[in-house]
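Just below is one structure, and these are the notes that go with it.
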Amino acid sequence: MKMVLSQRQREELNQAIADYLGSNGYADSLETFRKEADLSTEVEKKFGGLLEKKWTSVIRLQKKVMELEAKLTEAEKEVIEGAPTKNKRTPGEWIPRPPEKFSLTGHRASITRVIFHPIFGLMVSASEDATIRIWDFETGEYERSLKGHTDSVQDVAFDAQGKLLASCSADLSIKLWDFQQSYECIKTMHGHDHNVSSVAFVPAGDYVLSASRDRTIKMWEVATGYCVKTYTGHREWVRMVRVHIEGSIFATCSNDQTIRVWLTNSKDCKVELRDHEHTVECIAWAPEAAASAINEAAGADNKKGHHQGPFLASGSRDKTIRIWDVSVGLCLLTLSGHDNWVRGLAFHPGGKYLVSASDDKTIRVWDLRNKRCMKTLYAHQHFCTSIDFHKAHPYVISGSVDQTVKVWECR
């Protein structure tokens with residue numbers, strides 16, 4: 001169908017074309033166009049840059065149309081399959097669904113970690129480009145970068161109030177950043193002999209734990225920056241450290257294929273968990289809300305009665321996810337389905353689901369009660385390295401070797 005412009009629209013378009021030709025140095029073309037379009041020599045100021053603005057607006061609209069079409073296709077598919085609509089699902093049942101709300105670019109190397117701020121509508125990404133970026137996850141806007149590390153930033157963590165951000169790096173350092181006002185680095189801590197791979201705050205916020213390729217875990221006092229404890233026991237690179245919400249215990253995982261649970265106030269290892277057949281890449285503590293789903297799934301497996309927990313999930317290069325009762329050192333269930341290394345884990349705040357990120361480029365949503373993968377999102381163009389689930393808002397974020405951070409809406 002031929003589109004017909006009004007006389008006024010034609011005049012405005014001609015003025016915009018003349019401005020574009022003049023601004024970009026096409027003098028001969030401009031002279032010819034002016035004669036043929038019967039234009040005056042001066043272009044009105046209001047037409048300055050108009051052609052470019054119209055062009056970019058069209059591109060934005062096309063992208064929006066494509067996103068809406070993808071959402072419509074997804075909705076139609078769910079209706080056909082008999083899935084419940086958003087109105088019938090409670091927030092505890094909302095899960096991330098394609099397409100992504102935002103795909104954020106700016107990092108110049110692989111994303112190593114993505115986390116939500118505990119209070120504000122912000123998220124943080126760490127990268128092998130040695131920077132940390134802050135984003136608004138509700139608008140997709142880039143806020144600022146934190147620079148100071150001289151090698152890959154491996155992990156980031158907030159204290160409970162979100163006033164401090166801790167980061168660790170392959171440059172062997174741990175840094176503390178003021179996240180309230182200045183966004184400056186306020187402390188740098190040295191002591192590890194190799195790549196520092198993970199960092200986590202103790203819930204009270206007065207100590208930070210770090211895990212390293214030097215096979216140790218260290219505890220640092222926030223106020224002074226001094227190392228006050230060193231935990232030893234792993235036989236290989238310690239990949240991740242995560243503290244239980246109560247703060248009395250923390251867990252670590254390693255290339256030695258084990259997970260260890262430690263007492264925070266002593267240097268003692270409470271339990272060593274063995275069942276994985278390859279490096280354990282990631283761990284995540286289950287919220288209290290997950291206890292009933294885990295117990296039901298475990299009861300169907302082994303009939304050993306009610307488990308008290310606390311419960312811990314682990315993801316490995318053996319492509320499996322395991323759920324453990326750390327009080328007795330028992331693996332309660334194994335989730336299989338990924339086609340490559342499992343790199344990130346996050347529990348749904350409602351406790352029914354677990355989401356995982358993998359080198360198979362997917363995010364998978366696991367129904368814990370039924371021990372099955374209920375949704376697969378083909379999330380990135382390269383390995384998925386990290387994932388986080390917001391505790392209060394219906395959002396999931398993921399990071400990848402493809403250098404993008406993606407925001408997924410749950411519904």
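Using N, Cα and C of the backbone, Cβ positions are placed for all residues, glycine too.
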State the residue range annotated as coiled coil by Swiss-Prot; the candidates are 56-83, 224-251, 280-307, 308-335. 56-83
Long-range Cβ contacts under 8 Å made by the repeat 'WD 3' (191-230), restricted to residues 6 or more beyond its ends, are 154-161, 164, 166-170, 172-174, 176, 236-243, 245-247, 250, 252, 254, 262, 264, 267
In the repeat 'WD 3' (191-230), averaged pLDDT is 98
